[in-house]
């Protein structure tokens, strides 16, 4: 959430920066609400001052033994008006809060301006796509004889669910363990295990609610709604909600492996085949909580940590910086990492790494105490390190062999009991 003081003092500038990301700020509505708020506050302050003055007059009249009934009647009337004004002011504050909650984050000045994904800018490519001397298959055709079972997934749960059996399930587990170990042992992240359901307050804190409720799976329980996590970013970032962190404890680095649940409400007809877009998928998530002046450097570092996984796996990839029109709601700056998929002859997203600035921290009231003893908002970052299912897809396609087997990348073999190849079953 943006600082309302920024809108009050730099409304036109904020509107222009938001326009660069395709969001039209209703400046007239905001100005009207602000003018109404100011008028109400001024009137309320005047009434309070008048009531205080009259109360003194009542006290003086009583000390002199004079009749104060007329003044008391006026005080009573002022009290009624004050209550009405306070109720109106509370309603106005609620409307201002609703307006603020719908406003996306301001893009950092280093973000390229663009209307949509066509405005994204490639930063670097790493690795050379393999040349095959046979007809490449996609991950479904490769994976089905190896234990990828979309049919049973559909029987159990419907479209966009998959069952993995035997060596495929083991490869999936190996990837997650490899990612966790790399980030915890080499990059200094603290591994955490979190709930897979969170309350609405947590979803609000990281920006999923109220704007993106249709993308979530809601679990009603009595009078309260819980939500299946769309990413471990939600529970992990909320660790610092309503907390004041010691400056000496920053930066905080957490890594978590969770299933993620998304309705894919806006993805009808896209990636319906295979594991690219699922309602349930696993992801290893990286979260950092840092001082404000460190957030952009931390984004470069976090992105590099995600890239390390692809480098160790020997998978070709590229990094792009998202333009203003393609950024996520709460993002200040985002790098997408895209892995090469031979069957699609293109790069596909496997990680998104973002600095959120103080956008989430303001919603969560997540602060740290600086050296001067002043409480300041922290900055938060998150990124996939990596999406496990899509990494499995990339391994299958990039390491496939003509006989239908798949070579296991060397770094995964210790997690696979030394297995060097996945072989078709039956």
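Glycine is treated like the rest: Cβ placed from N, Cα and C.
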- Can you tell which of 285, 293, 338 Swiss-Prot lists as binding L-serine with 231, 232, 233, 384? 285
- Nearest by Cα to residue 349 (ATP binding site), of the binding-site residues 231, 232, 233, 285, 384, is 384
- Task: Return the maximum Cα to Cα distance in Å (whole number) over the record's L-serine-binding residues: 231, 232, 233, 285, 384.
- Result: 9
- Task: Grab the ATP binding residues from the record (262, 263, 264, 349, 350, 351, 352) and give me their largest CA-CA distance in Å.
- Result: 19
- Fewest neighbouring Cβ atoms within 10 Å among the binding-site residues 263, 351, 352, 384 goes to 263
- Task: Kindly assign residue 233 (L-serine binding site) to one of the three DSSP-derived states: helix, strand or coil.
- Result: helix
- Note on the structure: For residue 352 (ATP binding site), the closest of the binding-site residues by C-alpha position, picking from 231, 232, 233, 285, 384, is 384
- Specify the nearest of the binding-site residues 231, 232, 233, 285 to residue 263 (ATP binding site), where nearness means the distance between Cα atoms. 231
